[in-house]
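K.L.:
First, the structure itself, so that you have it in front of you.
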Amino acid sequence: MQTGFRFNLTPVKEPLGFVKLVEWLMAVLAFGTCGGYTGKNVVSIFCGGGSNETLSATFTYPFRLNQELLVENNTTLCNRTVSATHLVGDSSSSVEFFVAVAVLAFLYSMVALLVYLGYMHVYRDSDFGPMFDFALTAVFAFLWLVCSSAWARGLQTMKEATGTAGIESTLALCTDKDVKCEVTEYASLRSLNISVIFGFLNLIIWVGNTWFVYKETRWHSQKVNAQQAAGRGPNPAPI
């Protein structure tokens, strides 16, 4: 069996290679739409009988909100001295897990494409290649389910923490009767919402690709051969 590199674009024209190319692109879009994000909500504080105040609630990837300073220490707001106050919550574990899965999926898809385009003759002549590919594809499908669900929940938690209700529960000043706190300007979370959508789209694509990879394994070929043998039935007895 020859093991040298043979460049051939034919696999990309087949479902096995084409779907892997789509997986590579979708992984880039998944981590590209949430990594490096920076947002800012504007909080308006309406002081009873006094001048109004404005705060900025800034949050950046990886969204460790409990490290984001909302009010500096000894700041005067509504004629009251307010101690240092941070936002509440931490969505870093879910978004970092999501990005890690996306980056690993991107790298694996790139390596798999290299194998398909240059070593498909080796891939199909061995049992290990297709079976290993099938196992990793199934694992990534599961990881996309877990990380997309976790990030969707983490994003919702972040929205709640940086919204009006979250700010009111975080800033003690907002509990005073003559003070009202309200988020009057919201950061655009479109790219973060899109990243969640890309996560679940990746789940669908990787689950679907398990079938195409499974067809390359000996498990599928053995099943097909057994069905064909059963279909032919026993040879008729000689007369």
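Cβ atoms are placed via backbone N, Cα and C, with glycine included.
TrEMBL annotations: computationally assigned, not manually curated.
Okay, these came from TrEMBL:
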{"type": "DOMAIN", "residues": "11-218", "note": "domain 'MARVEL'"}
{"type": "TRANSMEM", "residues": "97-119", "note": "transmembrane segment"}
{"type": "TRANSMEM", "residues": "131-152", "note": "transmembrane segment"}
{"type": "TRANSMEM", "residues": "194-214", "note": "transmembrane segment"}
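Set these features in their place in the structure for me.
P.N.:
Summarising model confidence by region, the domain 'MARVEL' (11-218) averages a pLDDT of 93.
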K.L.:
Which sequence-distant residues neighbour the transmembrane segment (194-214)? Criterion: at least 6 residues beyond either end, Cβ under 8 Å.
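P.N.:
15-16, 19-20, 22-23, 26-27, 29-31, 33-34, 98, 102, 105, 130, 133-134, 137-138, 140-141, 144-145, 147-148, 151-152, 155, 220.
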